[in-house]
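Some features that TrEMBL has for this protein:
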| type | residues | note |
| --- | --- | --- |
| BINDING | GLY90, GLY92, ARG93, LYS113, ASP125, GLY126, ARG176, ARG183, ASP262 | ATP binding site |
| ACT_SITE | ASP252 | active site, proton acceptor |
| BINDING | ASN253, ASP262 | Mg(2+) binding site |
Amino acid sequence: MKNLERGWNLDNSYARLPEKMFALSSPSPVHQPTKILFNYKLAEEIGLKYDSESDEEIALLFSGNTVPEGAKPLAQAYAGHQFGHFTMLGDGRAILLGEQITPENIRLDIQLKGAGFTAFSRRGDGRATLRSMLREYLISEAMYGLGIPSSRSLAVIGTGEKVYREQSNQGAVLTRISSSHIRVGTFEYVKNFLPKETLQEFTDYVIERHYPEIKKSENPALALLNAVMERQIDLVVNWMRVGFIHGVMNTDNMSVAGETFDYGPCAFMNAYNPKTVFSAIDTEGRYAFGNQPKIVLWNLSCFAESILPLIHSDTQEAIRLAEEALNSFSSKYEKKWSEMMGRKLGLVHLSDSGLGKELVQELLIWMGKNNADYTNTFLEIQSDSKEKTGVYATESFSNWLSKWKTMMTLDGKDFQSTLKTMKANNPSFIPRNHLVEKALDDACLNGDFGLFEQLLQVFADPYQSVPAFNEMQTPPANGDRHYQTHCGT
């Protein structure tokens, strides 16, 4: 079928930026493209018309063996601070096909990840492993189900080729959908390597694409800094709400649109501990769970530095204005974090109360001391069960629960309205690390997608308690002590 009949409506606004912003790069054909996963619901939402009769066409198109009419494939240039060290980067294995304009007139990047060698591949092969692409598909769709801004996954296509990392792996291509792939690191690249005129043009482009409401601001660059900061605060507060640990919060992995993307070594915290780290390469704990808000601020400082020339022509005045904006981060974050914790406890006025903040800190300290599961503790609080077991049967938890009930009375809400608020903010299910790994083992080693599909089903509505899937709420018996994640791309 022709592109029009399939609903393709591609534009290439990024390709109209100065040519040093990207390198035109066609996907490298793969040996034996095979459809492994396709997100039909997402395809429909963005205006594409494919069904189960389209498998061969899907495999050819989303492997990169063919490209839709109107595509102008390219790899984006960017730089970034990786674990605090600045380096030149760029899309080494991802190729942007173009931007799909949806029926609702929303512009979305269509990117093939693992699509082959580009001008930025350096010593890489431009390919991706099936396991890592399945992992991103699963986690990104779970994040969407949790109500957290995220890139989405449209397809995973097997390549029929081997990818060599530490060992031989099956190869795959992931189709990633996002508002854009513009990163803090993209701005760092433009600021450090391209003329000021390009920085101005690119900043205008980003404002027009992501923050059109600030176009007429007195100081658009400063307004952009504040707007990106607001979205990043909202994003990291959501991460903290569900126990998500990104694992590699380099500036090249921070979206200026405020979406979660690049899921390499991410994981979810089971037992509460702000020092929790899963990434094997994060040996110093830079990106630990509790450090994530500080890293967001650090990354925003890099962003501010990259647009200083546009904030004010006088460098010192630009620095003063940027610092003034960044200095508001902590109070804004604390306010939104307190409001979020209040909703998790069903106490909507908690952020205005010293007693409420004390109650939260007592709970977090209790969880840490008792190795209590972060997700299940909030589910236990909202449970009306009189029968408590394990750490929840202790006097210390009972005492805290009594204080919470007193606070609920002071908040002026009945239990049912409190429960409604809590259920909307406390997921019954998160991607438990041991289940994710088992699902990936089953799929990659045995071709068994049973558990993988079950997890996708659960994560489509993770706030709904489903007794048949109760075992998916249970953390591993031995905890996560030796669990590590790897980029494994």
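Just so it is clear, glycine is given a Cβ too, placed from its N, Cα and C backbone atoms.
Annotated features, which come from TrEMBL, shown on the structure.
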residue	record	DSSP (3 states)
GLY90	ATP binding site	coil
ASP125	ATP binding site	coil
ARG176	ATP binding site	strand
ASP252	active site, proton acceptor	helix
ASP262	ATP binding site	coil
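Of the recorded residues, ARG93 (ATP binding site) and ASP252 (active site, proton acceptor) place their C-alpha atoms 15 Å from one another. It is ASP125, among the recorded positions ASP125, ASP252, ASP262, whose Cβ has the fewest other Cβ atoms within 10 Å in the structure shown. Relative to ASN253 (Mg(2+) binding site), the binding-site residues with Cα atoms inside 10 Å are ASP262, the candidates having been GLY90, ASP125, ARG176, ASP262. On a Cα basis, GLY90 (ATP binding site) lies 9 Å away from ASP252 (active site, proton acceptor). Sequence-distant contacts of GLY90 (ATP binding site), defined by Cβ-Cβ distance under 8 angstroms and a gap of at least six in the same chain, are ALA23, ALA75, GLN76, ALA77, TYR78, THR118, ALA119, PHE120. In the shown protein chains, 21 other C-beta atoms lie within 10 A of the C-beta of ASN253 (Mg(2+) binding site). Site extent for ATP: the farthest pair of Cα atoms among GLY90, GLY92, ARG93, LYS113, ASP125, GLY126, ARG176, ARG183, ASP262 sits 23 Å apart. All protein chains included, ARG176 (ATP binding site) registers 24 other Cβ atoms within 10 Å of its own Cβ.
A 10 Å cutoff on Cβ-Cβ distances gives ARG93 (ATP binding site) a total of 22 other Cβ atoms nearby, all chains included.
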